[in-house]
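Pulled from TrEMBL:
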- CYS322: active site (ACT_SITE)
- HIS381: active site (ACT_SITE)
- ASP404: active site (ACT_SITE)
- ASN445, ASP447, GLU494, GLU499: Ca(2+) binding site (BINDING)
- 314-407: domain 'Transglutaminase-like' (DOMAIN)
- 1-33: region 'Disordered' (REGION)
Amino acid sequence: MSETTNTNEGKKKPLLNGRRAVPSNNSNDEENEVPEMEAFGLIPRGFNPKDYLRVVDVHMFKDPHEINRQQHHTDKYYSPKLIVRRGQPFQIQIDFNRPYNPESDRFWLEYLIGRYPQQNKGTYIPILVGDVLKPGEWGAKITHKENNSIRLSIMSSATCIVGKFRLYIAVWTPFGILRTHRNSATDTYILFNPWCQQDAVYLDDEKEREEYVLNDVGIVFHGNINDIKLRSWSYGQFEENVLDACLFLMDKAELELSGRGNPIKICRVASAVINSKDDEGVIAGSWDNTYTYGVAPSAWTGSVDILLDYYSSKQPVRYGQCWVFAGVFNTFLRCLGIPARLITNYSSAHDNNANLQLDFFLDDEGKVDTKLTKDSVWNYHCWNEAWMTRPDLPVGFGGWQVVDGTPQETSDGSMYRCGPASVQAIKHGHVCFQFDAPFVYAEVNSDIVYSRREKDGTQVIENIDRTHIGQLIVTKEVGGDGMMNITEEYKFQEGSDEEKLALDTAVMYGVKKQTTQDTMYHPQMDVDMDFQVQKVVLGSDFKVTITFRNKSRNSYTATTYLSGNIVFYTGVTKTEFKKHSFSAKLEPSSSSTFDVVIKSSEYLNDLLDQASFHFFVTSRISETGKILAMQKATVLEIPTLRIKTQGETVAGKQMSVTVEFTNPLKQTLENVTLRLEGPGVLRTMKKEFRQIPANSTLIWELKCIPKQPGLRKLIASLNCDALRHVYGELSVQIQKP
């Protein structure tokens with residue numbers, strides 16, 4: 001045969017490498033051909049396969065109301081296939097062409113996954129029928145025989161691969177093996193099982209399982225430490241095609257099928273594939289306030305649109321910021337059965353050189369030098385926690401693990417990914433344990449250091465703020481929409497002996513901490529400065545009140561400088577919209593307050609989508625030359641959307657929903673997009689409005705047919721260039737028909 005002819009046209013041969021006999025098996029989607037007749041040798045002429053036991057039909061009991069889906073807590077998945085959880089028995093029924101005779105008939109089941117099934121890799125699983133099922137090991141036993149049918153109870157391994165398996169039934173004859181033909185109706189999805197004690201993701205509290213695995217809506221806490229805001233997010237892990245989209249993410253990340261029973265590996269590769277940096281992953285991040293050719297991060301109401309768009313287009317979806325990455329990651333984890341929750345860390349350190357301090361450089365006047373200052377404080381940052389054992393770490397570091405899909409520093413210099421890092425290890429400073437613990441430790445524990453360079457080049461530290469970073473870490477409470485403070489899971493009480501010990505441990509394990517020589521840092525101890533920002537609705541004037549407390553017997557003069565900046569929620573400045581300086585006389589042993597008024601006309605034109613301000617106040621005491629410095633972020637009150645329903649709300653019957661919004665600004669809003677979604681009630685609906693004049697009200701009415709009974713949530717967002725982060729939500733009780 002000449003070299004040019006290729007008998008295998010159209011089938012791309014995978015490249016082999018010298019180390020493995022079989023190509024890598026990292027796609028759940030690909031299949032191999034399985035012979036329906038596997039002959040042992042020459043077949044005698046009189047052989048008729050019809051003389052032997054033959055499979056006529058297989059019943060999977062795969063409907064949501066049937067036994068398998070009910071017992072395995074998978075009845076909410078909107079899928080026509082059987083979905084079960086590993087390490088727990090499920091039932092199937094096989095109809096033969098005649099009654100089954102255990103004395104003379106031999107048959108077995110074969111579960112296959114991927115294109116190159118191998119028994120030692122767990123991708124080819126032959127199951128013989130036995131008398132007993134061993135917990136957490138593959139096996140099958142007959143539970144019922146009637147006429148030509150048998151009922152089997154099948155146990156899967158508690159450590160088996162998570163994904164979509166193909167099922168074949170094989171019958172032995174003296175001349176060869178007869179198999180059922182490929183039938184996608186018998187495909188079986190096997191997921192993680194937090195209800196099974198032998199599973200690595202076992203969670204022992206039923207209320208927590210209902211929240212962290214089965215709840216398909218959640219809450220994102222945003223805003224900032226002084227003004228916490230919350231909004232709902234639709235995870236939608238049970239919606240149509242979402243499970244397939246999540247399995248596709250593991251194919252996209254090229255995770256070997258044999259590694260897909262391990263939640264540590266799955267979390268690690270998923271944290272890279274959730275963002276599009278370096279691997280064409282799910283979401284492209286954008287933090288620059290221009291969202292041309294994409295959807296503004298604030299407009300998304302949930303994960304389903306993003307995952308399904310990516311699954312069909314295979315192109316990164318534009319655009320996301322931290323809560324979008326975290327929302328989609330949470331959907332992925334809960335969909336596969338890994339307990340997960342979305343976390344918000346207020347005042348999160350973004351430290352460019354991971355030295356546990358954020359350096360803010362001041363110029364001679366005490367203003368922050370934006371060219372020199374590279375570190376920033378995010379008003380908040382969202383990541384996820386996933387629940388699992390950590391057999392790769394010493395005892396005691398299992399439980400909640402930090403995973404973060406937002407692209408920040410490249411972990412180990414290769415991919416943009418973060419985690420899983422043990423929360424317990426972070427708390428105790430044991431940052432030597434993989435993965436990326438030093439990075440997360442710095443996000444919640446850094447100090448802010450204000451320093452100034454003298455004319456001769458020496459650096460003088462003017463102020464150190466040890467309490468600003470990681471002041472509050474929260475997640476949604478179990479079984480409700482309230483906030484649960486979990487700061488103590490991450491750190492000991494500020495200033496306690498345990499906290500000092502954890503810091504020393506972290507430094508010992510290689511977290512860089514610069515030492516501040518005492519000679520360099522003598523702060524002004526006898527004067528305290530603080531400031532408060534008035535809370536107001538977008539479009540109003542407000543004031544900043546600065547308070548000095550002179551605790552000494554001396555009179556001081558304080559030259560004070562206020563800088564107001566419009567910032568991204570990441571703490572990066574876009575524009576300075578307010579500069580104000582004044583000289584203050586501080587009388588001995590007394591307090592004095594000063595107000596600075598800020599007019600709406602000063603900030604409205606430059607506002608960014610999170611309506612977020614950042615104020616620096618620095619004050620130099622003339623008599624001593626010492627500087628007091630402080631910074632605070634604040635968020636404006638943003639108007640909300642109102643959602644109402646009319647008439648009855650019954651599953652399977654049409655219902656009517658209206659969304660209302662009143663424009664609070666003194667200007668017309670242009671090119672406004674509304675979105676509305678609710679898992680189990682309606683798929684995302686979008687509507688565009690050309691204009692909403694100042695003070696006028698918009699009303700959008702639409703009809704839908706809810707699928708699932710129970711307490712459901714409708715979530716809406718409004719988005720335009722002048723106004724973002726406008727949300728509304730409504731809980732609706734959908735009645736059974």
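Any Cβ shown, glycine's included, is placed from N, Cα and C.
Note that the coordinates shown come from a computational prediction; the quantities given were computed from them, not determined experimentally.
Nearest Cα neighbour of HIS381 (active site) among the listed recorded positions (CYS322, ASP404, ASN445, ASP447, GLU494): CYS322. Each of ARG466, THR467, ILE469, GLY470, LYS491, GLY495, LEU503 belongs to the same chain as ASN445, ASP447, GLU494, GLU499, is absent from that list, and has a C-beta within 8 angstroms of the C-beta centroid marking the Ca(2+) site.
Rounded to the nearest whole angstrom, the C-alpha distance between ASN445 (Ca(2+) binding site) and ASP404 (active site) is 17.
The highest number of surrounding Cβ atoms within 10 Å, among the recorded positions ASP404, ASP447, GLU494, GLU499, is found at ASP404. Across the structure, CYS322 (active site) and GLU499 (Ca(2+) binding site) are spaced 28 Å apart at their Cα atoms. If you measure from the Cα atom of GLU499 (Ca(2+) binding site) to that of ASP404 (active site), you get 24 Å.
On a Cα basis, ASP404 (active site) lies 25 Å away from GLU494 (Ca(2+) binding site). Its own atom aside, the Cβ of ASN445 (Ca(2+) binding site) has 25 Cβ atoms within 10 angstroms in the protein chains shown. Around the Cβ of CYS322 (active site), 27 further Cβ atoms fall within 10 Å across all displayed protein chains. Cα separation, ASP447 (Ca(2+) binding site) to ASP404 (active site), rounded: 22 Å. Other C-beta atoms found within 10 angstroms of the C-beta of HIS381 (active site) number 27, with every protein chain shown included.
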